[in-house]
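Copied over from TrEMBL, here are the features:
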| type | residues | note |
| --- | --- | --- |
| DOMAIN | 1-141 | domain 'G-protein coupled receptors family 1 profile' |
| TRANSMEM | 34-56 | transmembrane segment |
| TRANSMEM | 82-105 | transmembrane segment |
| TRANSMEM | 125-144 | transmembrane segment |
Amino acid sequence: MFVHSIVFNSFFTIHPLLGCVSGSPTLNLYSTYFFYPVLYGPVQIAVSLLFSLLAFRNVRRIVRRQVPIVRRRLDRQMTAMILTRVVFFVIFALPFTIYRMYIINNPPSRSNSLQYSIGQLLQTSLNYFISLNNASNFYIFMAISSRYRRQVKCVL
């Protein structure tokens, strides 16, 4: 994914008034119909969901085996954390993905300053929203895991 991002970003040009803009119609088609709808959105969501469901299934299987109660409790706690994390990932990633697909096909014109300002405000808000995806881990784990809370108290 790292190499893909380098190649992908090399096709953008920097305009003083507009910022980073794609000048290639082929790149716009690629972004609209493959990168955002397939690679960025559903593939990441599907992989996260798949592994969280596998973890959930594994915890249910551990309950049937003779595993110490402490380990079962910790595994259930970890599974709850993972499932909650995936739900928040979907909530944070989906609006950004939809907006990016829309804005690539319908860029706001600079001549209509109100429409352009609304687009910039929406883009800034959604960029902030997608950054919450990474920042929310601490709060999710703090709310769900008593062991994590104890470790944070110990460290602080």
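Each Cβ is built from the backbone N, Cα and C atoms, and glycine gets one as well.
No curator has checked TrEMBL annotations; they are predicted automatically.
Across all of the domain 'G-protein coupled receptors family 1 profile' (1-141), the predicted model scores a mean pLDDT of 79. Mapped onto DSSP helix, strand and coil, the domain 'G-protein coupled receptors family 1 profile' (1-141) counts 114 helix, 8 strand, 19 coil.
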